[in-house]
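Data block below; observations after.
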Amino acid sequence: MPKSILAVNAGSSSVKITFYTFDNPPRTIVDAAISGITAPPSTLKYQAGGRKHKEELKEKLSTAQDAFKYLLQRCFSDPELSEVASADDVEYICHRVVHGGDYRDAVEINDETLGHLKGLEDLAPLHNFSALEIVRLCKSELPKVRSITFFDSSFHQTIPEAVRTYPINQEIAKANGLRKYGFHGISYSFILRSVAQFLNKPVEKTNLIVMHIGSGASICAIKDGKSVDTSMGLTPLAGLPGATRSGSIDPSLVFHYTNEAGKLSPASTSEMHISTAEDILNKQSGWKALTGTTDFAQIAVPNPPSEAHKLAFDIFVDRIQGYIGSYYVKLNGELDGVVFAGGIGEKSALLRRTLVDKCQCLGLAIDDVANDKGPGDEETVKDISKGSGKGPRVLICQTNEQVVGFDSFGGKALPRFPKSYDYMQDTEEWAIDAIEGDRLGGGGGIEVSTVVLGPGGSADLQASGFRQ
Ligand SMILES: Nc1ncnc2c1ncn2[C@@H]1O[C@H](COP(=O)(O)OP(=O)(O)O)[C@@H](O)[C@H]1O
Ligand SMILES: CC(=O)OP(=O)(O)O
Ligand SMILES: [Mg+2]
């Protein structure tokens with residue numbers, strides 16, 4: 001029986017896994033997620049074929065590793081899932097890792113790469129630690145399955161030097177890797193391809209301002225298909241506020257907030273170190289600190305339940321508006337579209353309308369009916385602009401961080417795809433572009449093997465190829 005690909009997305013409080021077939025396009029075999037790991041009881045969502053299931057779990061799952069083991073067992077023991085009955089049915093495990101440091105491409109896990117990634121753990125403690133715990137678990141307990149890590153930061157390697165450099169002592173900055181990295185890149189890469197295809201434009205001629213706004217929120221300026229700036233920085237804390245994150249603040253604020261700022265937080269473990277300041281700004285700020293809820297659906301309502309809820313909404317709108325203005329100028333006003341994505345971006349019609357109204361001077365306008373309706377289940381990109389096509393489009397994109405792009409896995413042949421380049425001739429133009437693209441590190445004489453997982457219906461393998 002052909003083997004499957006397992007995609008894993010370990011967040012700070014949730015773990016999501018999806019098994020895909022190797023078909024073209026790939027079929028989702030099963031989608032399973034556990035949320036609320038840090039705030040029990042945990043909730044399981046499970047979807048396989050036509051079966052959908054949600055339950056509160058009695059089991060105490062306090063770490064991402066526990067949640068991953070539980071999910072894996074649940075899938076392997078499902079009698080209706082003959083395709084994934086054990087680890088023998090899995091060829092690759094593709095992990096979303098938020099911080100990839102200087103890695104431009106996805107990497108296969110071995111002792112060397114794992115050692116390097118361990119060195120980055122402290123830079124994204126809320127994210128990398130849980131992802132790498134799962135990578136380590138896979139390495140020890142599923143040793144025959146190859147693990148490949150895909151980085152949120154890779155997409156932003158194109159950010160120019162003046163944008164990514166902090167004006168601090170450069171020797172110290174270089175020695176410690178202190179620069180802007182940017183995150184949510186797996187999502188931005190999916191959105192870029194989906195939107196370019198939707199607008200019928202080549203990726204490398206597409207200019208967008210994209211918002212990935214969920215419980216972690218960021219915004220990205222994309223010029224000619226490349227990230228030129230993004231709001232997150234050295235860590236995912238910078239930029240926009242989020243469910244529990246402050247976003248950008250005056251850095252000296254922490255020393256006025258508490259004189260314990262530099263001490264280790266009680267949340268630290270022997271392997272994971274978080275300072276008190278990091279803990280406060282990452283986990284005890286944002287909507288939660290302002291309103292008591294981390295659920296933006298309770299904040300983005302026409303009649304907010306309190307002044308604090310209204311303030312939280314206004315703060316978010318203000319910060320996003322500031323970035324849109326700045327990025328519009330950075331893109332020289334040459335903008336194809338403004339894209340809303342992520343849990344809030346995809347679901348909050350109120351936030352979209354408020355923001356677009358505030359950005360009217362840039363030529364943005366929204367169609368209220370289309371905006372209120374939002375995208376259908378199968379609609380990856382939806383145009384909600386008003387007017388006949390003049391001015392930048394206002395779009396919603398239902399992003400997908402599970403469908404990681406193998407396109408950046410340059411320089412290594414994936415044995416499951418020993419197909420010739422011909423295999424791709426009938427695929428979408430953009431997929432071929434991606435194979436040819438410079439981010440692949442491909443080109444004359446270098447062996448490149450690529451599987452581009454991209455948009456289109458239910459999110460999908462668009463092409464696979466192999467080139468000498
Ligand atoms: N209808 C809605 N209006 C506003 N926010 C919403 C709505 N539905 C969900 N959300 C918010 O989306 C966020 C989750 O976004 P998501 O991108 O899925 O999260 P994560 O960053 O955890 O991956 C939560 O803050 C949730 O409250
Ligand atoms: C990078 C980041 O903030 O990720 P998430 O939105 O999943 O927390
Ligand atoms: Mg997210």
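Including glycine, each Cβ sits where the backbone N, Cα and C put it.
TrEMBL annotations: computationally assigned, not manually curated.
In three-state terms derived from DSSP, Glu401 (Mg(2+) binding site) belongs to neither a helical nor a strand segment and is classed as coil. Residues near Glu401 (Mg(2+) binding site) in space but far in sequence (CB under 8 A, at least 6 apart, same chain), listed by position: Asn9, Arg96, Ile186, Ser187, Phe190. Look at TrEMBL and you will find Asn9, Glu401 tagged as Mg(2+) binding site.
The ATP binding site annotation in TrEMBL covers Lys16, His212, Ile213, Gly214, Ser215, Gly216. The Cβ of Ile213 (ATP binding site) has 25 other Cβ atoms within 10 Å, all protein chains considered.
The Cβ neighbour count for Arg96 (substrate binding site), using a 10 Å radius and every protein chain shown, is 22. Taken from TrEMBL, the feature substrate binding site applies to Arg96.
DSSP assigns Asp152 (active site, proton donor/acceptor) to coil in the three-state reduction, placing it in neither a helix nor a strand. In sequence order, Arg96, Val97, Val98, His99, Gly100, Gly182, Phe183, His184, Gly185, Ile186, Ser187 constitute the residues six or more apart from Asp152 (active site, proton donor/acceptor) in its chain with CB-CB distances below 8 Å. Annotation source TrEMBL lists active site, proton donor/acceptor at Asp152.
Around His184 (site 'Transition state stabilizer'), a 10 Å sphere centred on its CB holds 31 further CB atoms from the protein chains shown. What TrEMBL records for His184 (among others) is site 'Transition state stabilizer'.
As annotated by TrEMBL, site 'Transition state stabilizer' applies to Arg245 (among others). Annotation for Arg245 (site 'Transition state stabilizer'): spatial neighbours Gly216, Pro236, Leu237, Leu281, Asn282, Lys283, Ser285, Gly286, criterion Cβ-Cβ under 8 Å with sequence separation of six or more.
Cβ environment of Ser215 (ATP binding site): Gly242, Ala243, Thr244, Thr294, Phe296, Gly343 lie under 8 Å away, each six or more residues apart in the same chain. For Gly216 (ATP binding site), other Cβ atoms within 10 Å of its Cβ number 27. Ranking the binding-site residues Lys16, His212 by the number of CB atoms within 10 A of their own CB puts His212 at the top. Checking the binding-site residues Lys16, Arg96, His212, Gly214, Gly216 against ligand 1, the ones with a C-beta less than 6 Å from an atom of that molecule are Gly214, Gly216. According to its DSSP assignment, Arg245 (site 'Transition state stabilizer') is coil. Counting every protein chain shown, the number of other Cβ atoms lying within 10 Å of the Cβ of Asn9 (Mg(2+) binding site) is 23.
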